């Protein structure tokens, strides 16, 4: 009973009955996506620490900030604040979806290269989680009535080992992939938090129907 | 841009021959072509010789390689070979410096080297310099580091260069975080020499450079060095066959870097007789197909990586490397109580049909090993086995030419049961009550080797000795270890047997008789425990014995006795009893019985002792009595000596005091708490009192009584405390108490008889009639004894008394009690003789009854003259003295009110009349003052002229008044 009550309180913002009309709307999906983003942020912190230690110095040094040389193909998470504020919901979600599609593809390539079995397991687990995030974003977009972005012909994100890449530059790319992923997850948390607030109904109209949880 | 530049560099330099840079001049005797392999840092030289004079000619060539500029020759190589017509010659040079780091120049010349050649030792002209400029392909991109991702061997030296189009003053490069010293090769190239590189990770060691971001933005060049461990020679290379079809070769590959990007070290088998080679897929084993006609094999195991090749040889005869397969179908046949036959099969090995097999039998806690020669079908007969015992048998085989045993193949089996081989070990406890006899039988379970199977029950047969036909049989199921019988009379013979499914054991027989009071009759002796157990001995009885039994209780209490016994032979007179149940500090009682030929047990001796004695855990509770000045008595009567963890040998008494000397019975000793003191040992454990004597009176002593056992003393605490009595206290009490009693008695008597005492000793007013004077006078004037009346008395003299005390009495605070004043009057008032004694001219006469008038003049009215006690008072002195005294006094003491202060009175008329109403002599002054009106006399004053008038400045009347109370001025 107590555990159930705690669960309810924890997910109170995501309780579908909080909607005025009784239709849960995109609110719960956004909350779940937000929660998943925060979970992935936490997961990535551990994974990146391990992976960068494998790469060795200078990649595992805290103040290492190399130029973004070979990472042009990675979607940039950094954006001007005004531009970010002015994004509409559709564009915001579309950018997130596209970014994680690309990042997931690169991450799978990273997994293929990893020599250590333990690292491969961690990467595979993270890829699964990231795939889940992608599905969650798609769910939010669907709930809001936005179509999923269609990849342009020939621009399907694929990963292929770059023969021209030296090992050092490859390590640099790996570094940037993890860094961009971290920034994207941070940005997504902001995005979904903003969306979540936006989708919340006015407080006066909130009615809590606990009956849906069996009370 | 940078990746593209690297891409171009890697591919173009590696693949394209540098024909663009070559100078091939047909007129030159040698045409040189140079290509580079960037990854391997190699220059590949190709040249051909024009116009050979012979189809085949031995020639010598000299190659020069310069770096940066042509004059800087860094390598000269002499190369001799036989040259044929139109043959292209090859030579490769490996640079320690990556080729991208500097421009290189190559040229060559040659000469005929045959002895018969006409132009011997005449060099041709040099070819043109061939310029190898890999830098020119790098373009103007960001700085780069060369070599790119190089594989190096651990311990080698590597040269790395940093190429940039910018100034390199601030560049700093590190290998795995460690800074490397820089060497400037030219304005755009810095060289770093990495010495003795070591393996760090399979992900490689990062060499990277940090630029000054102000000069070169957006560049962080680096490279990864993959360090391979040095290839080691394989160890333990060995080959064997198990089926004569396949040889299995194994080895220990030792260390292996196992870099993911580069192929690991490889292994191959080469067999020299057949000339065959096989590349091994695994790193530590490889298989080889046995050829039908080959018996001898000579293998070479070749280990190879990028840098080294190692090999190890092995020559053997196949028949000597046979490792048979595990035997199978292991079975047991004809298993009886003591025998069994084991059979097995061995895999056939073609012509090899005889095997050496090893059979092992495990059972009864031991293992027996036998060797047996065997064909494909083998068998072994086990004998002398114990009945009803589980055994584990196993077999392994080796080829005739022993190489290795096969794995074990085993099977368990059990022999059949047999009847128990030994009678149960039985003992008894007998209690006879009112004609019946309660017998408790105990027996020990038969050991596995004696039981020969699971004992199912025990048979107890009793037979009354008087009537052999009256036998009874009891069957007690196992695993009982005893039973209780109630017999009619104690004279019985008891037989006990054990039965299993195969039969019954021999009987254990004992005869029971009334034990009587044997225990009380036999004296108990003390015995000592040793490390091995409790040792005891006894005297053989005069009669025949067939053995002895010692029994005891393992349990500490009679109720939890857990009776144990040990059988001993008829010749035994001593034994050592040990038991896992024995605990240190527990007393055990042993009884030794002799067994008569009629199987009757007689108690011979009783022993008591400890397996290990312990020091007493507690000290006795000690009482102190008979405490005197020099001694006290210690007693610990209630201390139980029998219930201690050891035999009490005596007691030790410790005494501690401030005295340096010990009492005579004590000796100096270190006390258990490491302080100094005295000790006295009592060797009789039954002595439980001790008088500590010869002590100092009124001294503090601490004492400790601790028992002693063989293991030591009791605890070192707590010390008791006692203080001896005072030396004179007793005498004083005997003296003082009666005195106090007598004093009290006297006080009570005095109180009761106080009136009588007063009347007798000190009446308030002496009764003249009772005066003793009268008794003296009576005989002479017995007729008229009268008391003189005051009315009849005519004064004829006056005595003037000067009383300086009166002045003195005027000082504040000088108002002493009258009683006090009165005490002084006798010193200063004199009854002067009339006329004759008058010396001075003035009237200075006073009649004073020493018994009567004490209270009448108070200190102020009749002050005594402060004359010396011895000096006879004179009138002159009396008159002048007050004046002198007054002059010396403070003015305040001069009364200005016209009243005459008592202290200033110089003439004092004192009535000598004894007033009937006069009070007690101790009456207060007010009362005495009241006497004045009733008296015939009045106070008069003779004021000296000098004192007639008070001082005009006198203002001390208030103070004077305040000093004298109003009452004092009346009259």
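Each Cβ is built from the backbone N, Cα and C atoms, and glycine gets one as well.
Source: prediction; values computed, not measured.
So that you can see what the record holds, here are the features copied from TrEMBL:
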type: SIGNAL; residues: B:1-27; note: signal peptide
type: DOMAIN; residues: B:326-418; note: domain 'Fibronectin type-III'
type: DOMAIN; residues: B:518-614; note: domain 'Fibronectin type-III'
type: DOMAIN; residues: B:616-727; note: domain 'Fibronectin type-III'
type: TRANSMEM; residues: B:731-752; note: transmembrane segment
type: COMPBIAS; residues: B:913-929; note: compositional bias 'Polar residues'
type: REGION; residues: B:913-971; note: region 'Disordered'
type: COMPBIAS; residues: B:949-962; note: compositional bias 'Low complexity'
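Per DSSP, the secondary structure of the domain 'Fibronectin type-III' (B:326-418) breaks down as 0 helix, 54 strand, 39 coil. Sorting each residue of the domain 'Fibronectin type-III' (B:518-614) by its DSSP state yields 4 helix, 46 strand, 47 coil. Taking H, G and I as helix, E and B as strand and the rest as coil, DSSP gives the domain 'Fibronectin type-III' (B:616-727) the counts 0 helix, 46 strand, 66 coil. In the predicted model, residues of the domain 'Fibronectin type-III' (B:326-418) average a pLDDT of 90.
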